[in-house]
Amino acid sequence: MVFATATSTDSAFTISRSIPKEETKVLDLWKQNPKADGRGVKVAILDTGCDLAAAGLQTTSEGLPKYLDFLDCTGDGDIDTTSVVTVPELNTTSTSTSIVIKGKSGRDLTLGESWVPAAGSELRLGTIRLYDVIPRSVRSRLLRERKTIFEDEHHRLMAQVQQNLDELQSQIDSCASASNTDKDDKDGDDKEKEKKKTDQDEEKKRLILRRTDNDVLMGQYQTMLESYDDAGPYMDVVMFKDNKTDSDGEYMAVIDLTADGNLTESIPFAPFAKSRQLGEFGFGSAVTFCIQVYDEGKTLSIVTDAGSHGTHVAGITAANFGADDPKNGVAPGAQILACKIGDGRIGSAETGTGLVRALIASKKYNCDLINLSYGEPSWQPDSGRVSEVFADATRKWGMTVFTSAGNDGPALSSLGSPGALSSPITVGAYVSKDMMIDQYSTLKAPIEDGEQDLRDTSYYFSSRGPTPDGLLPDLCAPGGAISPIPRHLLQGKAQYHGTSMSSPNACGVAACVLSAVKQKLGVDHISPAELRKGLLNTAASVDISDPFAQGAGLISATAAVDYILEHRGKLCQDLTVDVMLPNRNNARGLYIRDKLELAGPMTFDVKVLPRFQHASVRTDEEMDEVLSFELDLDLTPSKSWVKCPERMSLLSAIERNGQAFSVRLDVEDLPPGVHYATVDGIDSNDRARGPLFSLPVTVIKPHSSVVDANNPTTTVNDNETITLKDNGIDFIMSYSLEAGAPSRRFLDVPSTAEFATIKIKSSAPNHLTSPHRVLIHAIPFVRGDLPNTQTQLKKLVQMTEGIEKEFHMKVKGGSTLEVCLQLLWLANASSASVVVEVEYHSFSTRAPTLVTSQPLAISAGREFARFGASANLRSEKLNPSATLDSVRRTIRPSSYDIQSGSGDRDIMPPSDSELKANPELKASDGTEIYNMFLKYEFEIDSEKSIKVTPFIPSLFNQLYDSPLDSQIWELYDSNSQLLECGSAIHHADAVSIGKGKYSINFHTRHPSRQVLEQVKDVPFELVMSTDALECKVYSEMAKASTPAVTDDGRKEVGVMVLRKGDFQDLYVARPTGDLPKWVKPGDVMTGKVSLDKSRSGVTSMQLTYQVPPKSEVKKLNENKLPKDKEDEKSLDETVFDSKVSYLSKTRSKNATTYRELSETLLKENSTSISLLSELLLFAKEAKLESDSKDAERVKEIQKVRDLLSVSNGGPIDESALAQYFGLALPTEDELQEDKDAAKLKKKMDEQEKLLQATLLALADATATLAISDSSRASDLDISVKELKKWPSFSDAKDKLTYSLTLSRHLRVCKENIGAAIKILMDARKDQTASDSYKQLTKEMLLIYKILDAHHLIEDTKNTLYKKFPPKSTK
């Protein structure tokens, strides 16, 4: 790829290299009118958002700001700022003049004196993670860069430890050497020698222990390095009203861009349109941002781009590098409204929320044009809520929408949405021969007397029409450009190609056209219908013509201007006229594709319907328009094989809902291939206007229809052939491929065929021009609710001499299979010859519905499922296998909430007609969109992590045609940590989650509250992966119906050949292996059954197994000993327990009363376990009045400790207790048989539990004391030694306290930092409770501070924030 840079050798009017303008006659238009450069035109760019600081996108050609505004329409940068605090009074006793508040993240925030509002003023708080607001590409780069920095810091830390290890080892070796020297010394006092040896041994022991701890520390450091997972910085936000410049006050936002809480030097930001403020996130990101404030300060929007695409698109449309600069965009005078519709939470994919909000915003800012270079597979065009709003944007709100056709060509019927919608102008990707050389350095093909000229054509990838109902793209424009990209990609410009580039080029051309027309006529607005006619009726033909990619042709600026000026004001010029076929489900075109259709009736009814826009109650002017509308039209077919009436009189026809005429097709004599024609409605009195409406007609005549057993070979074009093989079903086809031209073959698929094998190889390779790359694109059938992406074969093949490539694809019997080949010419434009073989196969197993066929199901009450295989077309290898590898669990919502949408973003404005009829109406008087939030809850009960993919099956794969405005879901763990997001059209990445509770928040929207109420129970499905379970395939029902039987000599079906005409019964048995323990009854296990393992991609069906209730079968005569009843308590014991219960109620009320009563009870029964347990709780929790509370706490717990001992009248003989638990304890059966043994065990268990709790409380309190008073370290050492004698804890809180105590003991008493960290890290692995995890982590932070490990402190705090984000107040 070559990044060509334009040089101004002549002038900007003759050179157009980086962003093509010469091809579309924009340069010619500028010659005629230098001010027709888009000035006076506003263009909304609906995309990933833009870098507001990118080169060439600062001002227009006349010095206006390039950007009207930058809006995040997705909500992925929204920050909840409903948390409110007030500015505190300045502390007069402090020397500091700064005000400090607690941020929402929990961090202390020091406010700036220059901007902090007056005391008592309201502050709104929020917080955001950097990685949540920057593009994924930048996040990936920062992760790499920050990891390198972390590793450098960490390696320095590890190097210090290694130096300590080496130094300690040297000292240990010196001790050993000195000891050996003393052994050899025969002189001296023996006592002195013994003392010296003892000292040396103690020193050596100390050194070895220190080295061991450093070794442990090194291991912990290594673990930290290996487990490093950068959570990224988190930043607090403070919002306030600035009353200095406006009595009402404008919200300003201060963002902690340094992520350290110091806001003293921070600059407050206002919404971008107010002061055009830009910010830049630090940490090496180079990501610029602006802010928006919505809903009276309840939401702060941090607006960034989600990728480079939007900036590149904006640059193509309207970049301005200066007067006459050839690097300029197509319309350097136009202004841009940047609308981010690519949601960063889902990889910058568009959402319905983003699209609808962007269209609303475009109208709010009075945009003339909209560009949407996005797209998804097309399901059912012109249906669904988003499609409706696009239609409203064009017809009701008067904005012209340009959109990309998609990049899924070159086969027919590959057009996606929104390119398949009626309302936008859909743009295919065109490439000129100059672009091939300038942008791609294309190598020309050699010919005898030099080189073959390149030819203008469509890009191979440009999606083609017709849609299933017959619609084609509208026109084409240059589909490649070198344009600005965001600074965060660390380069200024880039060369991209795609229909994403052709659409903004066409949009820029339209901006120049509007600019010229507005200036000439002195008007503010040109209707979308008028502009569309001007562009389509003047489009130029392309050298290599392809209406399925190019529509009317290449957009032409000068011709469009002339057309609009000439025909402005004529009847129907600014009116949309819809054409449809009522008997074909209101299809927008006539598309005959399959052989059966060709044999059917060839006469079709057509309805023509003018679309008049009007207020809810028509005005007099609107009544006059419909009453006086009458236009004589000539009906003109473009090809002789299309027959239609000669004329029609077009009326408003509102009462009849349109006017009708018939079309007849005469296809008998058409040669094989695809044929295209139109039926145009042209003004009889002004034919120069061109079509006022047009019906596209596409007919495919299969190539297979012109060969048979008697005439097996026929010539296609000049030097290509198609041959029917001897078996009468398979084909051999030769292709001669030329640069820029797709070559298509259409085959009628045998009625019983299920899949095809396609083989491709080079023929007559030329060593001068080889190798070639060939794109093979095969589409098996076209159906309205199933996009080509679900069924097609699309492979890029490097053609190598003598090497045959083989592919398999599913087909549908009776449909027409297109096998389209195109030579990739970007590097090598030389022609190539290839041969393709197509073989059909079938097991006659699946219903002929291809992708949507029903699964093979094993129900919960049945042990097997039956199916069969037959070889109807040819002998087939049968080698079946069946596995289940995932679990599907369906969950219902636990709660729902319907709310009004944002008053600033979610009100669809009234139509232009309504506003004209009612001038007092405002945009806020439009239609409100409601939000519904559903909450789903589920639990994972698996000891190891499971990969889970949530989605809503009933709404999935619907976006533009979805019945709801939008859908997005967020998966959270029990700590409110966001784990993953998903949307309507793309599966999210599978999330690995462990044991615990989880929730899914699902957000959808609709303008009807009733609709939302009716779909509030929509089920969610969790797809959970598991290890594959084999299901055996048998040929006998008797074997499959008893799958658990294994010793009867049974055999599965192995490799076998089904001869043509043979049939084989097959039975899939349920899995006999153990199901995962976490699988529940009602879950459905899914997998696949393949008829041939080696071709599983095309011979497989979905297999399901409904999980039955778990087996609870028991042996009938299993006898168990009856349990002994516990001895009833005496009256005295019951009374005493009541007294202890009363004592517990006074614990927090009156310490004096508590102590007096406890003394009385101790005298009454000093061995009561319940009493001593209550006294321990009081010692741990009581409010202490002493100045030294930690020491007093230790003293109180020590009292209880003393009371436990038998020597002090207590119940516990520690020696006897230790001896009891040191012996082999009685089994459950022995305890049932021996009542005395059971009593003794209960007594000992109670004593052990009390002793453990007391020792733990004492050690914990002593550790707290020793941290503040190092002189008490010896007390801690004694307490821990005693505690370690009874170390087994089952309670989670006790385990936490034990770990913290041991870590503190090692740190304070032993100075064993490594061991202290290890205990905390090991304990943290087992903790699921958030508070426990936080406590252990905060303890680690204290140690990191001692180690001066700032990088560990920062990383740990960031991770804590990510795992335990602040709770939303919404």
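Using N, Cα and C of the backbone, Cβ positions are placed for all residues, glycine too.
The model shown is predicted, which means the values in this text are computed figures rather than measured ones.
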Item to complete: Tell me which range among 454-474, 874-894, 895-915 TrEMBL lists as region 'Disordered'.
Response: 895-915
Worksheet entry | Same-chain residues at least 6 beyond the ends of the compositional bias 'Basic and acidic residues' (903-915) whose Cβ lies under 8 Å from its Cβ atoms | 73, 294-295, 356-357, 360-361, 363-364, 389, 392, 396-398, 613-616, 622, 921, 923-929, 931, 1005, 1007
Worksheet item: Over the domain 'Tripeptidyl peptidase II second Ig-like' (872-1074), what does the predicted model average in pLDDT?
Response: 93
Worksheet item: Do you know the DSSP helix, strand and coil residue counts for the domain 'Tripeptidyl-peptidase II galactose-binding' (743-825)?
Response: 3 helix, 45 strand, 35 coil
Worksheet entry | Least Cβ-crowded entry, counting other Cβ within 10 Å, from the active-site residues listed as Asp47, His309, Ser500 | His309
Discussion item. Per DSSP, what is the helix/strand/coil residue tally across the region 'Disordered' (895-915)?
Written reply: 4 helix, 8 strand, 9 coil
Discussion item. Return only the integer: C-alpha distance in Å from Asp47 (active site, charge relay system) to His309 (active site, charge relay system).
Written reply: 7
Fill in: Residue counts (helix, strand, coil, in that order) that DSSP gives for the domain 'Tripeptidyl-peptidase II first Ig-like' (584-700)
17 helix, 56 strand, 44 coil
Worksheet item: At the level of the C-alpha atoms, what whole-angstrom distance separates His309 (active site, charge relay system) and Ser500 (active site, charge relay system)?
Response: 8
